[in-house]
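In what follows, a structure is listed as structure tokens, so that the remarks can point back to it.
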Amino acid sequence: MPSGRRTPPVPAVEQDRFVASSALMAAGTLFSRISGFVRAFLLAAALGNLLSGDLFSIANTIPNMLYILLAGGIFNAVLVPQLVRATKTDADGGEAFTNRVITLAALFLGTITLLLVVAAPWVMGVFLDPVFDDPQLATQRASVVDFARYCLPQVFFYGMFVLVGQILNAHGRFGPMMWAPIANNAVSVLVLAAYLLVYGPARGDERCQGFEPGQELLLGLGSTLGIVVQCLILLPYLRRAGIRYRPQFDFRDSGLGHTLRLGTWTILVVAVNQIAYTVVVRLASGGTAQSATDGCGVGMTAEGTGYTVYSTAFLIVMVPHSIVTVSIATAVLPRLSRLAADRNLPDLAISVAGTLRASLTLIVPFAFLIPVIAADVANAISFGAARSTSENYGPTIALFGPGILFFTVHYLMLRGFFALERTQTVFWVQCIIAGVNVAAAMALVGVTEARLTAPSLAAAYGASYAVGSALSYLILRRALGGLDTRRLLAFLARMLVPTVGATGMAYLLAHVLHATVEEPTQLTAALWVAAVATADGIVFLGLAWLLRVAEITQVGTFVVRRLHAAARHG
């Protein structure tokens, strides 16, 4: 693509709508993440970050993994372009197509969910390390299977939530899907508060034991109730969007065949991803389980890191990606789909490249800051049962820093591929990413101690997306005839000095603060994180202004415009 091409003008109404919707989604994602943090920290406070925490966390994670494996690829990436096309081209504005999609999805998800609940013991056997076959862990294995039976009905409600949310997105209603998870987190927080009130936090070797039936019932069904509420809360918005659902079973010659053919490759993509993640979960479960067989006494502090540590660290470092990248990408995907449908590849390339630079403006400095504040973040988030093992989180959080940068690039490249319906290309790229992730994870976990299991998995994650981001960028650039790579490299070069300068200042400030207090409390650590992050941001923005990094100024202006537009649209 010629480097001198300018971005085509966007109609004022469409631009204002995009600004408002992305602001609404970003706000919803922010509040959702905050409530998600409260839930995660309460869970660790109740169960700890050792084996007991892993038993529930793994069982409660598997329904989402299975939904993604079975239907997530089609719902998330393929149906949006198809719904947009149906809305534009069908005489009824896509109403019949939407009704058929909802009907078919409900039948499929309902059947699959029932089968999964019946097969819960075998399902869990796939996700657990073989060490769980040890007779010493019989009680723990029984508990994780019981949790699975209570949690697996979530598969149906996850699927319907995403489907209804994507239908709303296709009709320009972006906010509800971003705000609904807050209701789920609120229910989960209430359930965990009730658990702490009734049973109290786990202590000593309780952090590695199984659960009583009452504990399993409260945690398992309470978690599923949150997903049910999250799904049901979207239904009133369908009517507000003018959608009147009526079951339709005439699937022949309905256009679903084209959608499912596109979905074949996407199903393969998510299958590869979930196979790789299954390996990660199995390896993570082995970290804490192995420590439990060696003894889980009161004096244990940092032995064995596993899935709870890995997933909590990932949740923390994904904040900027979720707020910035996902909000922008979700709002821009219908536009990318329209440009691709019109075969307007030059404008499509401009949109993808501009979205990438806008996202990296905030992701790059954050990725550099993460290792500096990781130890204090770990201290600040650890309560109750997780307090004595707070140091478990630090290395994993730090090692996720580079990974989030590479993942952001790859994620945005995928939006371009999906708009072009190049799902076959995505499949082969994801095969390489999954292969690197699995190979690196198995190699690193195989040569490290149990306490380094979670950090090893984080390092493997970063390595896989370093390869994947480079590969996906190069392939999409070739497909679109260019992505203005010179401008991207110039932008990254200008970002280097402000980022390194800000990170250096943050490191020095953190070092000085730690020299003043030998063992900081949680409140002290939280204040230090805020102080270091604020100093980092001030130095970064100051250097960017001095060096005339135009993208920083543009993003600042864009944020102000988003806030004004969101206020105007209520």
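Placed from the backbone N, Cα and C atoms, the Cβ positions cover glycine too.
Features reported for this protein in TrEMBL:
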TRANSMEM  65-84  transmembrane segment
TRANSMEM  104-127  transmembrane segment
TRANSMEM  147-165  transmembrane segment
TRANSMEM  177-197  transmembrane segment
TRANSMEM  259-280  transmembrane segment
TRANSMEM  313-336  transmembrane segment
TRANSMEM  348-373  transmembrane segment
TRANSMEM  393-414  transmembrane segment
TRANSMEM  426-446  transmembrane segment
TRANSMEM  458-476  transmembrane segment
TRANSMEM  488-513  transmembrane segment
TRANSMEM  525-547  transmembrane segment
Contact between the transmembrane segment (393-414) and the transmembrane segment (313-336) (at least 3 Cβ pairs under 8 Å, separation 6+): yes
Paired segments the transmembrane segment (525-547) and the transmembrane segment (458-476) in contact, 3+ CB pairs under 8 A: no
Within-chain partners of the transmembrane segment (426-446) [C-beta distance under 8 Å, separation at least 6 from its ends]: 265-266, 268-269, 272-273, 275-276, 279-280, 283, 286-287, 410, 414, 417-418, 453, 456-457, 459-461, 463-465, 467-468, 471-472, 475
Close approaches to the transmembrane segment (147-165) from elsewhere in its chain (Cβ under 8 angstroms; 6 or more beyond its ends): 55-56, 59-60, 62-64, 66-67, 70-72, 75-76, 79, 101-102, 105-106, 109-110, 112-113, 116-117, 120, 123-124, 176-177, 180, 211, 216-217, 219-221, 223-224, 227-228, 230-231, 234-235, 238
Cβ pairs under 8 Å between the transmembrane segment (488-513) and the transmembrane segment (104-127), at least three: no
